[in-house]
Amino acid sequence: MADHRKLEPGKLVIASHNQGKVREIRALLAPFGIEPVSAGELDLPEPEETGTTFAENALLKARASAEGANCVALADDSGLCVAALDGAPGVYTADWAEADSYEGGPGRDWYMAMGKVEGKLSELGPNTDRSAYFTCTLALAWPDGHSELFEGRIQGNLVWPPRGTLGFGYDPVFQPIGFEQTFAELDPQQKHDMSHRADAFEKLVKACFD
Ligand SMILES: O=c1nc[nH]c2c1ncn2[C@H]1C[C@H](O)[C@@H](COP(=O)(O)OP(=O)(O)OP(=O)(O)O)O1
Ligand SMILES: [Mg+2]
């Protein structure tokens, strides 16, 4: 793909403030001679995600970090899309988890968020379609304004109650097709081999590394 710009070895900012994501992206980047630093480590601001699509939000985050750090930045905007809920929570997946933490400040309550999804599904009755997919849009942004987008997806079914303690976010209720375990029960390496993030990453690697 000659129209893609190659990624050179060196510094790259992971434009995410989600520790779970940063951990996964570091593992995916490990074989490529890239030295990832996270936006948090560089004290880069967390831009407001005002976009209405995954691509808009991914670009917004990548551009903010590329400008702030003056180096290539990689952002991930992802979410859970539930078929019976017309694709919700979708772009608003993180927002559904927004809660006041016990300390009184803003925080995220994943158990509450998973319960919200389950509550809406159960309102639709016992035979409701429980299929869902995770989607991930990766945006690479260069300080000169160039950017590239890659999209990945994984199909599965929602389970209740949540199971497993690995991973992050909605992993305990997501069971990928062909597996008896949820993402939070699978070995992290198994998740990295098949996830929406891995799928998007595979496309990025094909385009941006030799
Ligand atoms: O593999 C995953 N396993 C479980 N849950 C996941 C996954 N991937 C995305 N998700 C859920 C949680 C996340 O919070 C939301 C995306 O929201 P999103 O705005 O892209 O990420 P975020 O606010 O957590 O971090 P940041 O924007 O700093 O990268 O979807
Ligand atoms: Mg976010």
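Just so you know, glycine gets a Cβ as well, placed from its N, Cα and C.
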Ser16, His17, Asn18, Gln19, Gly20, Lys21, Phe168, Gly169, Tyr170, Asp171, Lys191, His196, Arg197 bind substrate per TrEMBL; candidate in Ser78, Ser122 listed for that same site: Ser78
Lowest local Cβ density (other Cβ within 10 Å) among binding-site residues: Gly20, Gly169: Gly20
Recorded positions near ligand 1 among Ser16, Gly20, Glu48, Asp77, Gly169, Asp171 (Cβ under 6 Å): Ser16, Asp77, Gly169, Asp171
Rounded Cα separation (Å) that holds between Gly169 (substrate binding site) and Asp77 (active site, proton acceptor): 13
Glu48 (Mg(2+) binding site) and Asn18 (substrate binding site), Cα-Cα, nearest whole angstrom: 14
Ser16 (substrate binding site): tally of other CB atoms within 10 A of its CB: 24
Least buried by Cβ count (within 10 Å) of the recorded positions Glu48, Asp77, Asp171: Glu48
